[in-house]
Amino acid sequence: MGIGNSSCFHTTTCLDASTALSPHKSKSNFSTFNPHFKFLFQTHYYPKPTKISTTSRSSSSALSPINTGGRGEEMKTQEEKSTQPMSDLHKIDPELIQRLAYDALVWSSIHGLVVGDKSVPRSGKVPGVGLVHAPIALLPLSFPESHWKQACEVSPIFNELIDRVSLDGEFLQDSLSRVRVCALLSGWNCRTKMVDAFTSRLMDIHSQMLENGKREEIRLGLHRSDYMLDEQTKLLLQIEINTISASFPGLGSLVSELHRSLLNQYKEQLGLDSRRIPRNAAVNGFAEALAKAWEEYSNPRCFPQLCNTYDVATIRKTLAEIDEQGVLQPDGTLLVGDQAIGVIYFRAGYAPTDYPSESEWRARLLMEQSSAIKCPSISYHLAGTKKIQQELAKPNVLERFLENKDDIAKIRKCFAGLWSLDDSDIVKDAIERPEFYVMKPQREGGGNNIYGDDVRKSLLRLQEEGTEENAAYILMQRIFPTIAPTYLMRDGICHKDHAMSELGIYGAYLRNKENVIMNEQCGYLMRTKVSSSNEGGVAAGFAVLDSVYLN
């Protein structure tokens, strides 16, 4: 599992399935520990039954992301399923809620559904110190099975789309050219607030790779495509696709199992069928993809060591440590110490704060120049930016990358409204009706978007200043999902609130030249947050982990 270090990533000579694969993508107040570390809980501490506090916040139209995905083939057929819908949370006995909350805490402790509390000084540094249960919903979220199947079906198509976009260097550079030109004109160290200097630095590395004729023969993508179900139109609309450090495959898988356990244990009282919660094998799918990538690398310098499921040795280094210890051999092999690196998994590197000095940028360039498989490569990283998402939504652009008309139609059906700030009519409408838009920068990790009246203020400021800063943003249609009561658990406290959810589908893609080795939808993430919050990051403290109950 990823430790919450803003400049830390995985380098793998092979894959250690127990170390990977639940990176958290946002500034967080906790660090994560491997859910497989069950030995930490040989002596269990059972807390007193949790007290329930109930709030009655009014419904809000605030934006909330909805992530849902998984392996639907393990679900029972419609005839085999119970027709019982999700229970009315208003009617659940408070004493039953207390028992559910207590058992959820015990299950989380036993099965490693825990995170490290950064308020504890030694947390994240000493295994087993400063652990607390992950923020979770007490019961799974009801979600339409038809939309679930839709999200799962388009996952391999999105995987292929990202790969093809990554190979089109001209498209990436042209689409992001205003960001780069503006930054170069203003200089890196002056007026950087006026442009997106971070993205332009990434583009500069990408340009160097294009100029050097470097091509990634083996390409590995571990993605997560996020969706919300719009209440008015009943359309499943994509929020974004994450191509770097896609968060929570490990903990998300555990939450699904927690909810299945609770529904089985309290089947009589709740009247719910645990078979309606899809099996969630996200962590195994990501581990398998990394292992297969290492096998494809086939560099004799990378000697395997026995480590859990796969013959894999893993090391963890910060970007600064890679700059200090990394050496690029004439044949392209990257050495860190005496170890040759076959696969590089980036736990960080998606935010400007991950690059506090030139040392981190040198490390990113060094790794990109190497023959190691990067997850993601610089081109995959850029393919996941908001600007590229907006460009792909334009008429006839998908046809540049996909030939199958049915696939194009399925992808396009998921697109929400996306616009450049060059569109004067849309900008005018957003100023007049800001509640229907979200203003997004080219950033990952949560907490970066602009909502409500701040959209109007930001657009008016950009017009008044007359700078090129608008190149760093896009406008997106605001989606209004269903708001429903739910029970949220954080720091051992369970409370009832009005909430909304976001569905994320994980995808794994591995290609060696023309041979597609893996292209799968491999799990899901459901996140739920209080409706009064615009932002939705779990690690950032806005949301909790949830699972899907198909109806």
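Placement of Cβ uses the backbone N, Cα and C atoms for every residue, glycine included.
The region 'Disordered' annotation in TrEMBL covers 51-87.
The annotation compositional bias 'Basic and acidic residues' is assigned in TrEMBL to 71-87.
Counting every protein chain shown, the Cβ of R527 (substrate binding site) has 30 other Cβ atoms within 10 Å. Residues or ranges marked as substrate binding site in TrEMBL: R224, R527.
Every protein chain considered, the tally of other Cβ atoms within 10 Å of the Cβ of E444 (ATP binding site) stands at 22. The ATP binding site feature in TrEMBL is assigned to E240, K386, 440-449, Y451, 476-479, E502, K529, E535.
Per TrEMBL, the feature Mg(2+) binding site maps to E240, N242, E444.
With DSSP classes pooled into helix, strand and coil, the tally for the domain 'Glutathione synthase substrate-binding' (305-383) is 28 helix, 22 strand, 29 coil. Among the features that TrEMBL reports, domain 'Glutathione synthase substrate-binding' is placed at 305-383.
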* Structure fact -> Spatial neighbours of N242 (Mg(2+) binding site) among the binding-site residues R224, P441, E444, Y451, K529, using Cα within 10 Å, are R224, E444
* Structure fact -> Spatial hits near R224 (substrate binding site) (Cα distance within 10 Å) out of the binding-site residues E240, P441, E444, Y451 come to E240
* To do: Quick one: of R224, R478, K529, which of the binding-site residues has the smallest count of other CB atoms within 10 A?
  => R478
* Which one of these binding-site residues, E240, Y451, has the sparsest Cβ neighbourhood, judged by other Cβ atoms within 10 angstroms? -> Y451
* Asked: Near P441 (ATP binding site), which residues of its chain come within a Cβ-Cβ distance under 8 Å, counting only those 6 or more away in sequence?
  -> D196, K386, N448, N449, A472, Y473
